Structures are given as C-alpha cells and as structure tokens.
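The signal peptide annotation in TrEMBL covers 1-16. Per TrEMBL, active site, proton donor/acceptor is recorded for 174. Marked as active site, schiff-base intermediate with substrate by TrEMBL: 202. Annotated pyruvate binding site per TrEMBL: 245, in sequence order.
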C-alpha cells in the first residue's frame, strides 16, 4: 500500500470526527477548551536557513534579501536559529546579530522566535536574555542533550523552569529527537505547561498520538503545540496543533500557508491532496539531504541558499538531480 494511501486511511477517522464536531457554519478546526491563548502561535513559521558567503561567513545582505521575499507570504512569523539555521555552528555574537538582522527586517505584527537553547541552564538563560534584547518575541529552547542519560524528567523540568522564570520573553519548548536523541518526556511537558511563561512546544518527533495527548493534557493551560515538520502538518492539526514550524516553508512557503488555511476552513479533500504533494519534498530537505538539500532547493525558487558551514558538505551532482526529481514529480518544478 502506498504511503499516501496509508496516511489517508489513518487520518480519515480523525478528520470525520472533526467535521462532525465543528459547527455547521464553519467546519474547520475548533478552538481547544479553555480561554484564548495570551500569545497566538497559530500559523506557519519557517525556521530560517542562515546564509553564508563562499568563505562561510554569515551573509547578512543575502539574509535580508530572503526576508524581503518572505514578506509577501502570510507567515505568522519566523524562526531564527532553529536546527535549519545551523545554530550549533554559529558563534554567540553571530547568533545575536542574526536575530537583530531578522528583527530589523520583520514587520512588528509578525512574531520572531529565536533559538536560545544551550547545554547548561546558565548559558541558556544568558543567551535568552540576549535574544530578547536583540528583538526576539519568543525564545525557542531545545532540550539539552550532551549528557542525555542524566536528562531525567526532574532535570529537564528544573532546567526549563529556571529558564522560564528568568526569561523576559515567553518560552517555547523544543523537542527534536532526530538531532538530540532525546524526547522531552510527556510528564515534563504537562508540568511545564503550567508555568506562566512557557507557552508552547515545537514537537518534531512526528508521533501524532503523542502530539494529540499533549493537546489533550494541556488543554486547560495557556499552552500550544506546534508541528515540527511539513510532512505531518495536516495530521497535527487534526489532533489540535495550533501551527507549524516547517523547514519546507523556506522553499514552499505559500503552499504551507495554503495548507494551514485549508485545514482551518475544513476543506479536507483539498488539504489532503496538498499534504500528499508536500511529503516527499519535505522528506528530501530534512531527513534525506538535510540542510544542504534545503539550501539547494531554495535556489530553485528564487531564494539565496548558498553553502553550509563545514563540516556540512554540499550535495553531489547525483544527489542534486535526485532532489530536483523529487520536487518535479510532485508538481513543484
């Protein structure tokens, strides 16, 4: 059975339930129980790629050029210094300057989320404060993972509580087990959702049952769940996610925003058809070819991709051709 058919079969009961439960005048996604969130994270956020020059210096002029092109796309906001921004390869001063550059170019009505997670709690707090001073609206804090065997629920709750207490801006948790080898435990998420300055989580694991349970268990809190990938965006919305931080939005931003709107309008057939066309390209620029693939694809759609920082290597000619074929086969090129 084809993957797309299996996905459709899996989603059909959830989508039918949503359609049945929604008001007749608007068969889109319903608002979870509880009051309106203090900070609306609903919508699409591209986790920006960091442009580098041929000598691997941050190219702020090219970053500004990409931001001008993104300004015409109805994103809820942007993420600077996420995994796709090659965050671990940037010096602290570069991280702060990237956020400052994005803030200067970003309209005030769009949110700026900035990655500020470090391995120690102290360093995370210091960088979070710097990100706020540089203009970030929200801190996106990845799980510390170098000593992952010691990262118990208690240790992680303590870490994020300290960060939430000290941060001058709201905090969004960030669980990306493909990179960290560590899933933020459900018990930790439920506990941290009660913190007044922790407003959500970006979950990139792809476990839809886990995401749905997060929404359910935190429904009385001022807390939102964000899908961490375009491949499962529709499924995430079906179980109550508010928005998506999707690498593919760097390339196909309009399409991701269209999918977001189709889901919220209850146009499920159109949403499913579009979701199917996004799965293979998204997999190609994330799991298969990673950031080098993302940057190469950006160039085909009018953005500056450019090189990655070593040790990330460019794609081979054969990989470039395979990447192009993936986009072409799904009607994007």
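Backbone N, Cα and C atoms are what each Cβ position is placed from, and that goes for glycine too.
On a Cα basis, the residue listed as 'pyruvate binding site' lies 7 Å away from the residue listed as 'active site, schiff-base intermediate with substrate'. Across the structure, residue 245 (pyruvate binding site) and residue 174 (active site, proton donor/acceptor) place their CA atoms 11 angstrom apart. Taking a C-beta cut-off of under 8 angstroms and a sequence separation of 6 or more, residue 174 (active site, proton donor/acceptor) has the following same-chain neighbours: 82, 115, 117, 140, 141, 142, 143, 201, 202, 204.
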